[in-house]
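> Below are the features I grabbed from Swiss-Prot:
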type     : residues : note
TRANSMEM : 126-146  : transmembrane segment
TRANSMEM : 334-354  : transmembrane segment
TRANSMEM : 356-376  : transmembrane segment
MOTIF    : 403-408  : motif 'HXXXXD motif'
């Protein structure tokens, strides 16, 4: 009984492969030579006059222009997205898109349409985002296994590639860890790789927006709903199991398996008995030719035509400001970039140990020289010729910095060439041990912290970061006004840090590794600019309130750095990135 069943399964598999290949070839021909049925007669009459054609707007354009040129009669089945963008430039048409068909449906895929493609055709185009989940939500071992899969991914079909990537990435991964990655890591990379031309249409229209994708739904749904305001997301659901009260992914698709976009779209719109108003597909995907054929208006995003264009969405046009994000990787982990990172890891670790040792054991001027020789670039500029020395000799200078990384006070003290004391909060024991300057922990108690900082100022110079936490993006968080009540000898310091491989901050990871990850970068950059000492009339001694002083310094630092001021706090950051208030018990 087993042998006949195996033969039947084998026969079905062979038949499926034959049909799949034949359908794929047919779709490729349809892509290159497809034309509208009603143009067949004109095609036979005019073939000798015109051998090539350009895309046109489609049936709506034909009805408004009955006297079409011969070139229009040869148009392919679906025009390019460029044609649709030209159509949107018509003011009347734009109005009709936003009102006449209100709550009609616009649908597309995120892979290769809403997001620009970066990966080679030999690998799945979504590989970098699977790698982000594997590295940030899983472990370095999982990330290495995912990278090793590239050695055979090129031999597989797209659906099989997706199954392999999903299994390696999600098998045994905690649901909680995936939630953290989708909330705090992926949105940054998705926003940076949004396709501006497709997004223009997405943002302009008031259609109900639905995304159909074969990708795991957990990978893209949060971003599409929270950042792009998608009304619905139809993707592949992954199996979950519960072990000891914790949920894990099995890495396998649940239900009917991986989503087929065209079939899911047909099922989705079957009950409404109404075709979707607009669909956009990828010209390089044969499946998309079928996928968008059910729309009233269908357009293709042509990657080949846009390779020379800059299709990245500018930061100022993000649907929501990108202020907070987490994770260690500072680059999009394509296969080659990920391979380069793993090759660099042992070298970078040894380099970080060397840089830390130099800062701890050697004099400031020697440490600066050797750090520069090892690739650390420090830009230092001061507007205080006397380094902000107080007019009265009975207290120290209070240096007020914006907060980019844990190493802000370290680079400031080495650049000034004199010892400073730094006040910190939630600093790890390891970071305290390797710090080349004195650190004092605060208790988050206003009265006690104020008294402690006053005592430290009476003994020497002090550096404080009133934001209370780091921020990677060009924004300044709200400054705590406590520092303004301590002294009138206040010197603002503008700080910026840039990395190319690893971020030296984290909200949900191990904070003790922050300085190591930062110093593992091949060429980290630190920029410090010491501003002029705050005039007495702008301090509390001159009649200003502590809030006015804090806001003034925040504004000055933002002006120098080209950053934007916000009213956000440490609590806001940790609620977004870690789901807690950032309080250390």
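Glycine too: its Cβ is placed from the backbone N, Cα and C atoms.
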> Grab the same-chain neighbours of the transmembrane segment (356-376) for me: Cβ-Cβ under 8 Å, and only residues 6 or more beyond its ends, written as numbers and ranges.
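Tertiary neighbours of the transmembrane segment (356-376) are 410, 413-415, 417-418, 434, 436, 515-516, 519, 522-524, 526.
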> Could you give the number of helix, strand and coil residues in the motif 'HXXXXD motif' (403-408) as assigned by DSSP?
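When I sort the residues of the motif 'HXXXXD motif' (403-408) into the three classes, I find 1 helix, 0 strand, 5 coil.
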> Tell me, roughly as an integer, the mean pLDDT over the motif 'HXXXXD motif' (403-408).
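The answer is 95, the mean pLDDT of the model over that range.
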